[in-house]
Amino acid sequence: MDSAANGGQKGAWNPGGKGVRGPALMFGAILLFGVLDANSKLLADHHAMAQVLLVRFVVLLVLVLLLLPVAPRLMGRLSTRHPWLNAGRALAMLGSAAFFFLAFRDLPLVEGYLVFFTAPLIVLLASALFLRERVSPLAWVWCAVGFGGVAMALAPGFASGLGSGPLSGYLYALCGTGTYSAVFILNRQLRDEPGIARVLFWPALLGLLLMAPFGIAEWQPPTAMGWAQMIAAGMTVAGATVMIAEAFRHAPAARLAPISYTGIIWSVAFDALFWGHAPALVTLAGAGLVVLACVMSERVARR
């Protein structure tokens with residue numbers, strides 16, 4: 001992982017976004033989020049959302065407090081010149097975590113992911129409207145191709161018919177997609193703030209304060225495995241969050257957004273690994289189309 005201590009210093013951020021550091025960090029972050037989704041689905045069978053998120057935020061806070069004195073240059077300061085943007089990012093991160101947990105609890109994975117993978121299209125639109133970043137026509141084309149690959153990969157799940165989940169599940173997925181996209185845009189706006197402490201501390205503190213009453217009320221004593229899964233989830237979120245924030249310091253949103261589609265690769269892999277769902281040929285073909293779209297989108301961005 002790239003040192004965040006230099007993330008906001010002159011020369012660390014490549015304005016043209018031509019290097020591979022940003023896309024590589026984004027790819028790693030999406031992999032970690034895939035691990036987190038699989039872990040959350042396993043935890044949801046035994047623990048309430050508030051309990052899982054409460055432990056996650058405690059782990060994040062402990063990590064920040066332990067690393068601040070040990071690696072001050074890496075962590076940076078907790079104070080910020082943009083309190084409202086940081087507060088907005090913290091709320092968006094909390095909303096994304098909560099909404100997706102609830103969505104995948106209520107919906108089949110095939111439908112939840114199809115809603116979620118509209119996020120790159122939302123990010124492209126938002127980056128053009130709010131960040132005034134140039135989005136080339138080819139970027140839109142390859143982003144649309146990536147979404148088509150996702151739809152193809154998820155096609156076998158359509159056999160049960162769309163609309164099989166409750167309306168609340170779709171609303172949760174839609175809200176999660178919106179807040180997830182907002183995190184991307186806010187990360188880009190805050191790209192010049194050095195250090196990673198702010199990225200972790202403020203969302204963790206806000207999440208802890210909001211989730212503590214509900215998590216304590218719904219607490220179920222975890223097994224040793226449950227504790228390990230929840231602590232691992234906190235560490236996974238920390239890594240993914242920092243990698244995404246760092247990615248947006250090195251590349252524009254329009255370049256990074258299509259990489260989100262690689263999440264379908266990990267969802268197929270983890271579905272087969274943990275739940276024994278062997279992917280159909282059309283699923284593998286769709287995943288291949290996603291890879292093609294990401295490669296071509298990256299080639300367009302590097303011209």
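Glycine too: its Cβ is placed from the backbone N, Cα and C atoms.
Whatever TrEMBL says is automated annotation, not expert-curated.
Record features (TrEMBL):
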| type | residues | note |
| --- | --- | --- |
| DOMAIN | 22-153 | domain 'EamA' |
| DOMAIN | 168-296 | domain 'EamA' |
| TRANSMEM | 20-36 | transmembrane segment |
| TRANSMEM | 48-71 | transmembrane segment |
| TRANSMEM | 83-104 | transmembrane segment |
| TRANSMEM | 110-131 | transmembrane segment |
| TRANSMEM | 138-158 | transmembrane segment |
| TRANSMEM | 170-187 | transmembrane segment |
| TRANSMEM | 199-219 | transmembrane segment |
| TRANSMEM | 225-244 | transmembrane segment |
| TRANSMEM | 256-275 | transmembrane segment |
| TRANSMEM | 281-301 | transmembrane segment |
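Residues 5, 40, 78, 97-98, 101-102, 105, 197, 200-201, 203-205, 207-208, 211-212, 214-220, 230-231, 233-235, 237-238 of the same chain lie 6 or more positions beyond the ends of the transmembrane segment (48-71) yet place their CB under 8 Å from a CB of it. No contact links the transmembrane segment (170-187) to the transmembrane segment (281-301), because fewer than 3 Cβ pairs that are 6 or more residues apart lie under 8 A. The transmembrane segment (199-219) makes no contact with the transmembrane segment (110-131): fewer than 3 of their CB pairs lie within 8 A, with pairs spaced 6 or more apart in sequence. Between the transmembrane segment (138-158) and the transmembrane segment (83-104) there are fewer than 3 Cβ pairs closer than 8 Å, counting only residues 6 or more apart in sequence, so the two stretches are not in contact. Proximity of distant same-chain residues to the transmembrane segment (83-104), defined by a Cβ-Cβ separation under 8 Å and at least 6 residues beyond the stretch ends, is recorded for 37, 40-41, 44, 49, 52-53, 56, 112, 115-116, 168-170, 172-173, 175-176, 179-180, 182-183, 186-187, 189-190, 198-199, 202-203, 205-207, 210, 237, 241. For the domain 'EamA' (22-153), the DSSP-based tally of helix, strand and coil residues reads 109 helix, 0 strand, 23 coil. When DSSP labels each residue, the domain 'EamA' (168-296) comes out as 109 helix, 0 strand, 20 coil, counted as helix, strand and coil in that order.
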